[in-house]
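What follows is a single structure, and I will ask about it in a moment.
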RNA sequence: GGGCGGAUAGCUCAGUAGGUUAGAGCGCCUCCCUUACAAGGAGGAGGUCAUGGGUUCGAGUCCCGUUCCGCCCA
């Protein structure tokens, strides 16, 4: 009995790693149709996903687990459908994150990167990357990701760097990249610019500070002004009021004195000022506020920067120079209070810009940076979605995408970091011209001078990520991979990076390749804890996917993520759910053990043509229905629902009913046993295929055992197309149109199930010991023949004593002292004197009768109304059938009650 | 301020072709170690599908309004 040689419990820990190694070694992760090989056939359409590149120095979290599960599901599905399938893995260099990590390490040695110099520092980062860079990819393997590792890419690889260089130069040449002095978001901690998207705004309690702007020519008069950031007073270059504001019109054109510094600045009028806010007079700090900067441009105001890169006050701040921005706020305010310039303070809720990374307060800063002129790119990207060339799932995100694309601002792409793609721009020390080149230049393109130096900054990591779908395939080279695999098929990622990444890939893809980089965008939700809270270290509710896999297996985690989620919606993950799915994997394993064992209990070959039993036909019909459902759901990206249906079929129909009945059929021996084993093998085989994209390990392992057992038994158990080398490349089950006989068999089997449940129910109610067999008489009218054929099964499943079991068409003797059930018009009598209490029996029958009568009344009303005329006939017919059955049931119940009354 | 999502069993959620007795997992109650599986089996309790209207023969599902929770953008 080979089935029983398998362990009783599915032991994932012994199976996962070797299985993954085997898949990879066998080359199953590579597309079977490879444009680099001689037998390549370009006529097959490939299915391609490029992985959302994780941070090269990162470690696995549930977000990774989610996208790997989701993408591996799609990849395995398409691979099994026979499409040449490619999933390109890789990582990105994560400029800021990685640089921070290495700087932190340096700090332990008491070093700063400036002390090492750029080259030495970069050498250290690369060393770091070599050392820790493959942790994340190893962890991704652990999840079962079937990506083609021979094509792995890294954003700082030579090839991808070339793509970045090419992209930059092209945009520059088209005038879509420019350098300019702009108000940007500055991260004082990181000492670099960040993009708009990297800033988060949070409402926080703060203070509104009211103070006096004293008139230069009249020390006793002042304009009251309110601010949330008093330290910026040091950089004020005007006070602005609304042109129509009569309170202040007399002051316009005059000068006021900057507190403490005593600089004289003008009072101006500008419609931007909101007379309702604060005092209605606005202090203008052009170098430290985007709106003030605009005002300054309109009025030609002086622009005074008062802060260093680290947000300390610089020499422009006079006595406050050297103070941190918040220390300065306190000190200045105290000094102003002492000088009698303070009016009052009010609690005020402010909107604080914070760095998405680290959370420090972002400082608006006037600075020279590189920008992408985004409008033309965005317009094309907008059209691609509007015209349906790219579809976003779930659909509601298209609106969000439109909204962002329509209001997009130029993208600040320069970062004051060292780790990244250095901006390919050289400045001439002689003529001052810029040279922008694909190859590092040796001299100035304008004057020929050799005295040139490269821009110090690097590009935003997302700039290189935006090229990912094609840079990974060799672009700008027209490589065989690029020509065959691009455009890719589906881009799958979390909705939180729709703008950061997806939108930019679409813009860049269209701009550089002239094609949409993918036809479908599938967005998954974020993973939260079991009560919907965001996971965070401070809350202590972080679930480590590696730990979960160690405890419950990769399949359990994957199945939980896949089945517990719906497109675009967040998922609340609890370990209880993972545990339930571990149990499912174990259920599959054990059903497999049974089927494999069954092969030993049947003959090698049948004597005659199959005589399918009701159960055989039923499970087959249900399986066919499942195939149709799964196909429909996969096509509409409803993977979770598909998984749920497979789960339900496997457990509640195949395992709970068919396997139980198969035990009886196998015991019959002969052809019955053979065809039962055959059905078991076929259904299990099909289920394993359907489940494989969800739970690759347990299915592959079990399928291997099944294949071996079946092969060693007889070729008669092989699938039509023969046994594939491995489940991962076995054929996906294709659905067929429903056949005539299916409905009838399903209906008949439902009746069997109903009867069995009714008897089990009454057994429990009457506390009949499980082992006790009970006598039973069924009176089944037109169903009698059908039920007779199922005698054995009914007896076994309901615990009926075979030699006291009678199925009749009609009953002529009067009912005696017995329990009576009526199931869909079929009478079931259990003559057990010791169990019967006539009063109880009467009550039970009355309750059931009243329920039936309620249904009859409901259905009669329904069928008497407009429903009968308006609803489709098959729906009406269904209700008529129901009514008929209830009437019959009610009639039987009345007879019983009458008999009881005699 | 604009947009989006959610509200279904004690908890977490499915229910995306509208079909008339609303499902799962977990939790709870009863019983059972029956040779696939106690990570299991059998039975059971538990829901006016947030709310008010509308469309329809028929609404958890479609439309409009309201309330609460969450997210995104400005």
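Each residue, glycine too, has its Cβ placed from N, Cα and C.
Feature table excerpt (TrEMBL):
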DOMAIN    A:19-574  domain 'Aminoacyl-tRNA synthetase class Ia'
MOTIF     A:54-64  motif ''HIGH' region'
MOTIF     A:534-538  motif ''KMSKS' region'
BINDING   A:537  ATP binding site
DOMAIN    A:616-774  domain 'Methionyl/Valyl/Leucyl/Isoleucyl-tRNA synthetase anticodon-binding'
DOMAIN    A:839-901  domain 'Valyl-tRNA synthetase tRNA-binding arm'
COILED    A:842-896  coiled coil
Which bits of the chain, at least 6 residues beyond where the motif ''KMSKS' region' (A:534-538) starts or stops, bring a Cβ under 8 A of a Cβ in it?
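Residues 62, 526-528.
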Note down the number of other Cβ atoms within 10 Å of the Cβ of the residue listed as 'ATP binding site', including every protein chain shown.
7
According to DSSP, how is the motif ''HIGH' region' (A:54-64) divided among helix, strand and coil residues?
3 helix, 1 strand, 7 coil
Summarise the motif ''KMSKS' region' (A:534-538) by DSSP state, stating how many residues are helix, strand and coil.
0 helix, 1 strand, 4 coil
In the domain 'Valyl-tRNA synthetase tRNA-binding arm' (A:839-901), how many residues does DSSP call helix, how many strand, and how many coil?
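Counts, helix then strand then coil: 59 helix, 0 strand, 4 coil.
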